[in-house]
Each structure stands twice: as C-alpha cells, then as structure tokens.
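Q: My questions all concern the structure below.
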Amino acid sequence: MTADVDVRHLSANFGGHVGSVGVGLVNMGVDIGEQYYTDDMEVEDGHAYRRRHGQIRFVTSDNDESEGDSDIESVGPPRPPARETSPDVSSIDSNHIKEKVLRESGRWTSNKKSRLTIPTLAHLMQRREIGMDARHHFTKGDQCLVNSRFLPNRYEKLASYHHKVFCGTYSQSGDIFLSACQDQHVRIYDTKQGNFELMKTIRARDVGWSVLDVAFSPDSNYMIYSSWSDCIHLCNIHGDHDVHESLVLSPGEHSFCIFSLMFSCDNREIIGGANDGCLYIYDRESNQRTLKIDAHDDDVNCVSFADNSSQILYSGGDDGLCKVWDRRTLREDSPAPVGVMAGHVDGITYIDTKGDARYFVSNSKDQTIKLWDNRMFSPKEGVEATKKAVSSQRWDYRWQQVPRNLNRKKSVSGDTSVMTYRGHCVLHTLIRARFSPAFTTGQRYIYSGCATGSVVVYDLLTGKVVKNLDGGHRSCVRDVSWHPYENNIISSSWDGTVGKWGYFDYWAHEAEEGEEKLGEDLEEEDDGRFSYRTRRQTAFKRSDRSRCKDEKNGCFNKLYD
C-alpha cells in the first residue's frame, strides 16, 4: 500500500476513473470511509479532490518529501491518544457556563467553605434527613451529584453483526434505540425497563457504502436515514402498516450524499448537510426541498438545531469551520451565516448542542473537541487562519496515522472556543461526541467515541478525562449514546458490535478477606457478561479484584471533584 501515486499512470491503470482508484484501495484492504467515490467523477476533479484530502501525492523525479509529510505514517492500529494533564481553563473559568453547569450538576454554592463541607454521599444524605435548608428531599442538582459517583464502568455486549455499525442513538424518551449497520439494515430496539429487544428491522434502500446517519422525529413515531443517494428516506417506527418514503432532494450532482440530518423540533422540516458543501432543508408539509444553502467550502459533515425553537442551527464541515445560521433569514441568493467559529485545524466530524441555544461542542479530525459560545464569533483573521491550517493538512484520517504534529498543543490565531478537550482519537470515520444528559448528570460531561475502540468521558469544566471505557470493542467506536434518564451508555463499533456500559459495584461483590463463597460463584465471561460457575471459591478474577480496590477508593472522593 502506498500513498504516492504517479498521476501519469493513474488513469491508465484504473480505466481512467478516480472511482476505480477507490475500489482498488478497498481491494487492498483500505477502508475509504464516508467519502465514497464513483466512476461518474471526472478524472481532473477527482485528482484535485483526492490530493486535497491527502489521498495522493504528486511524485517528482527526485521524489523529495516536504517537511510536513515527514511524520505521516501509513495505516495501522491507532496509537493511544495523548492525554492532556493540564488543560487550559482560563476561558471557561471566566465564562457563564461554569456557574451554569455547577448549578445544574448540584455543585454550586455561593459559600465556598460550605461547598467543602459536603465531601461524601453520606454527608449529603445526613443533610437531607436533618432538613437540608428546609427541604426533606434531594433536589435535581443533588441527584445529579449522586449520579456522578456511579458513572458507567462495565461493558455488556447487546448485539453482534457481520458488518460495521455506523449509527446508534436513543430516542428522546430512551424507550427506543436505533441502530444502522453497513449490512444495509436499520434495526429498532425496545429499551423499556432495561430491555434490549428487537422490534423491527428495516431494509434500507438505495444504499451506497453504508447508511451514514439516522434520526428520530420529535414524537419518535418516525425515523429518517441517509446514504450516498439523491434521496433521504422516511420510515415509521410504530403502526400496522409500513411506511418507507423517498424524499427527493434534487441536488443536481452525480455523486451525492447527506452526511448528517435532523428533524426540526416542530416536526415540519428536515435539515441535512451534504458532500457538495450545502445545507438542504426539506419541508414535510409541501413534500419538497425548499432551500439549498451554499454553506461551506467542503463537505458538510454535521448539522444541529440549537434548541427546541428550531430557529438557530449549526453546521460543521471539512473546511474546519463551525457556522451559526438563523433559519428565519436563510436565503439561497444570500447564504450568509450569523457568525463563524474558527479554531480547529482540520475538518469537523460532529456537532452536538447543549440545547440552550448558546453552547455547543464540535469534534474534529485534529483530535480535539471544542466547546463554543455562540455569542463569541471569530474575527476574519481567525477564519482565514483556520482555512490556511486546514488546507495545509497532507494526511487522510481514513487510513493514515495521526501526524505527530497534530498532537502538539497549539492554538490558531482568532480561536474563540471556550474549552479544548484532548484525549481521544479520531480516525477512519466521522466519530461523534455529545453532551451527557441533563437529567442524570446536569450535562457535567462530554463523551466521545474513539478510534482505539474506547469511549472517552471528559469533565466539561476541567477538560480532564474522568473515564476511559475500554476493553469492550476491538475497533473504532463511531457513535455513542447516553440514556437520557438512566446511567448507561450504548456504543456502536466498527467491530460489528453494539454494547452497553453500565455501572457495576465491584466493591459490593467482592469477597471479604478470608471469606469463601461456596456453591455457585459469579465470574466474568469474555464478552463482559456474568455467568455462574461451580467449584470456585473466589467471586472474581484477580484483575477484577484490582479494579474493585480502585472503585472502593473512589467512593470516598469528594462529590465535587
């Protein structure tokens, strides 16, 4: 395998089509990811596209390499991401979000001394029993505070397929889970009362490469999915009769794909981001595309509404920029965003909103997540600096290792982000990162999939990794979804599995020193589940005993840590 291509022989060797080059690379074991190529692309345009994305380099007679390419390595197992030991918190400490998150997660008090006098769960329960400021119950913040001590720590495999899993998300109520796989099937699971039972399987239509995104309607009665197709598809979840409609977007392109899509909160419109750099808005009442907005200079990888009003929306693209749009002023003849956020040095893979029309996070191929305040737009020089940094990238995240210079801590001129998070790996595909639920955590955390097969959980205010959930998957975790009302995370991986991370009390199941458990004893299986084995006198393996001690020590940490 080589990334060096002599373009004089490119057309001759692959029949004159760049799309055939993509097929050839796949046959050599290279996964070309979301950016899928077809034979309809012109050779000249294809060369420019592939060179911009680092897939080919022009080989000269002396075969010299530029300094920027010297640290780029070919495909291989992802290197463990470097964690940042001392994140810069100067911006977030002076931003209103700090007080907001502290209040919502139960950690805020105007009296700092009082804040330090509630170090453990026992103290919190004691205060509840003696009145707790005239209240005899836990507030929502108190509940979030308690839940923070029981973060997911144990893996259970829920489903296994023969192809890569691209998408997996809970509904707003948490009663339904939607999973999309490269086998061209969308599976709907019933997750009520801790179950995970298959309700319905939908055979996707007109699929190129894979189903790339799925989304629930606000009432969870319908779902939509997208792929390399001129249409997005609408299907019903409930009902005796199946609905499977094609919603034509009429892009006017030979090779077209919606990478990200979402319902508006009033259920009237569907918004999508496409590989032609445009935003598409489809009106469900008139049953037609109503707007096509020229939004980015490259692929639009992610879109999201800012809140339930469906008026403000965000988009992120391979040009490294996040843009804020006002739905009420969108016009095809004047596609001007409200503002632009600059600071990443490579393409954006995902955007998730906090739901308050003010804050959102973006995941990027530059191996960082950034937190943004949409009142703090980047100046023109910041936008130009980001464009320059992105255009200088000469690697392809789909089959090359992360260049070592990307792991160096550096900032772009005009970066207006509130916080930057480092400690996960973005390779192969558009990996997603999200805010943790408001109900159980007060949105205290940001969590992300990782190319190493783990799920990484960050503290939003400190930027530190508080949980690295590994050992469950053997390949890239593309999508992650935290149950809105329960303390579990479902991860969807390219190893073909869907797994659930839940809290398990190792301490409670540890045999005390000198105690022998007779009869049937609990032991961990290879797939992360538990089964009972006879003739064993210990409850856990030595590795579990070691982890038990860590969990036990963590129980006595301050709740405000």
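Sequential numbering from 1, following the chain as shown.
Every residue, even glycine, has its Cβ placed from backbone N, Cα and C.
No curator has checked TrEMBL annotations; they are predicted automatically.
These figures come from a predicted structure and were not determined experimentally.
The annotation region 'Disordered' is assigned in TrEMBL to 54-104. Taken from TrEMBL, the feature compositional bias 'Acidic residues' covers 62-72. Summarising the annotation, TrEMBL assigns compositional bias 'Basic and acidic residues' to 95-104. According to TrEMBL, the repeat 'WD' annotation covers 293-326, 341-373, 470-501.
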Q: How about the repeat 'WD' (341-373) and the repeat 'WD' (470-501): at least 3 CB pairs under 8 Å, pairs 6 or more apart in sequence, or not?
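A: No, the repeat 'WD' (341-373) and the repeat 'WD' (470-501) are not in contact.
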Q: Six or more residues out from either end of the repeat 'WD' (470-501), which same-chain residues have a Cβ under 8 Å from its Cβ atoms?
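A: Residues packing against the repeat 'WD' (470-501) from afar: 78, 147, 150-170, 172-174, 177, 179, 181, 191, 194, 196, 427-434, 436-437, 439-441, 447-455, 528.
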Q: With DSSP as the reference, give the number of residues of the repeat 'WD' (293-326) in helix, strand and coil.
A: 0 helix, 19 strand, 15 coil
Q: Under DSSP, the repeat 'WD' (341-373) has how many residues in helix, strand and coil?
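A: Counts, helix then strand then coil: 0 helix, 19 strand, 14 coil.
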Q: Could you please provide the mean pLDDT value for the repeat 'WD' (470-501)?
A: 97
Q: Run through the compositional bias 'Basic and acidic residues' (95-104) and tell me, per DSSP, how many residues are helix, strand and coil.
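A: The breakdown for the compositional bias 'Basic and acidic residues' (95-104) reads 9 helix, 0 strand, 1 coil.
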